[in-house]
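According to Swiss-Prot:
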type     : residues : note
REGION   : 34-112   : region 'Disordered'
COMPBIAS : 44-55    : compositional bias 'Basic and acidic residues'
CARBOHYD : N57      : N-linked glycosylation site
COMPBIAS : 88-107   : compositional bias 'Gly residues'
CARBOHYD : N173     : N-linked glycosylation site
CARBOHYD : N217     : N-linked glycosylation site
CARBOHYD : N227     : N-linked glycosylation site
CARBOHYD : N324     : N-linked glycosylation site
CARBOHYD : N420     : N-linked glycosylation site
Amino acid sequence: MTHQGIGCLVKWLYLVLIVHTLLCIGQLECRQQHHNRNNNNNNRRADSSSSEEGHGNTSDGLDNFADQDASFVGHGHQPRRGQRKKQQGGGGGGSGGGGGNGGGGGSRHNRNEESGISLWINEQQLKMLTALYFPQGYSERLYAIHNSRVTNDLRDTTLYNFLVIPSEVNYVNFTWKSGRRKYFYDFDRLQTMDESILKAPTLSIRKSGRIPQEQKNFSIFLPCTGNSSGTASFNVGLKIQTRHNKPLSGTPIRLNFKKECAHRGVYDIDASNPTSLTTLQECSLKCGKNGYCNEHHICKCNVGYTGQYCETAFCFPQCLNGGNCTAPSVCTCPEGYQGTQCEGGICKDKCLNGGKCIQKDKCQCSKGYYGLRCEYSKCVIPCKNEGRCIGNNLCRCPNGLRGDHCEIGRKQRSICKCRNGTCVSHKHCKCHPGFYGRHCNGRKRRHVHRNDDSKF
């Protein structure tokens, strides 16, 4: 064999050796991957079994997940791979609720908590009820149910003894929402404890029905008889059930309140009894012009006044910014403020670009503007075609226009044809007083009251 033939043979042997080595390395990698896969499966089984044990201790937050896995765990079967993945997400959420390590289920439980059923007294109503006890009113919510849990806020005996609904207030506003689940209500008790002073409470809604999912208001009206003066207690009972007729835990709710009523009649004075006359005269002097003295020698205040001797005027809404209530619903504002509630300031120079005067010579600017008078825009390049600056170089464009500065497109022509009004949107009219209709072309008739004496 020649030297050239030997060289070719050596090259072929070298190539065969390289191929064989690569095949061996590939087999080793396959075995290692198979070994790792087995270890992962074992770990996954262990995790799924532990998540099943942890899942057994959870309650309503993971009801759907428990129903799906009960048939597998209860019969001793190992969950399938797809269900093991479900357990790792859902079961981990259960443990996450306790230790903060889990994922999906725990966050779902939190979302359910945030969207649970709630019932509370309207903040504006609570300000009015507590205005006599707190100078600025009590502005926090007072819950009867908060996130599906019945609270004791409205059932507190201290509140019952402390809070008396004044004679000027004839209703109590409540706000409620059911959230994601369906709940049904039934007012099974609307009762007065003294029918001579207060009639039975009535509702602005049906006595029973479904609680709205979104936030809604309803009122409980408190009609005084008008025949007697005094303070009467009344009770409100409320049952709440799920769509499966299961009562909400903590219900029925029993709420007790007190309502003051004032008789507006005139009492007779026994002139034959000098002592009685003197006492009544003294009582009348104390009550002043804002009230009158009843047969029990107690001042009963006219509408809009309160206090032991009817010396305090009652303003609702409250006077703001340090204003004083000097007469029923009349606020005397301090220097620099104006408005029925002293809610607005007095600015020597007008606030520009939609700004609002909130204090003496101080403007509250709209979005996208700043300065003492809101005269400066945050848009370096002004918005065109009646666009409005709402942020740093950010314009809000009218319909039909677009672009960074509302420079692209054509403004839509308004189809609003108001004859006796002004356009408030693309196709809606706001009619002047005395007119109505889509285009404000209808005139309201004026009712003229004729005096019968004019015949003669």
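Cβ coordinates are placed from backbone N, Cα and C, and glycine is handled just like the others.
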Using Cα positions only, nearest of the glycosylation sites to N173 (N-linked glycosylation site) (N217, N227, N324, N420): N217
Length of the line joining the Cα atoms of N420 (N-linked glycosylation site) and N227 (N-linked glycosylation site), in Å: 49
Assigned element (helix, strand, coil) containing N420 (N-linked glycosylation site), judged by DSSP: coil
Rounded distance in angstrom between the Cα atoms of N324 (N-linked glycosylation site) and N217 (N-linked glycosylation site): 30
Packing count at N420 (N-linked glycosylation site) (other Cβ atoms within 10 Å of its Cβ): 17
Euclidean distance between Cα atoms of N227 (N-linked glycosylation site) and N217 (N-linked glycosylation site), Å: 31
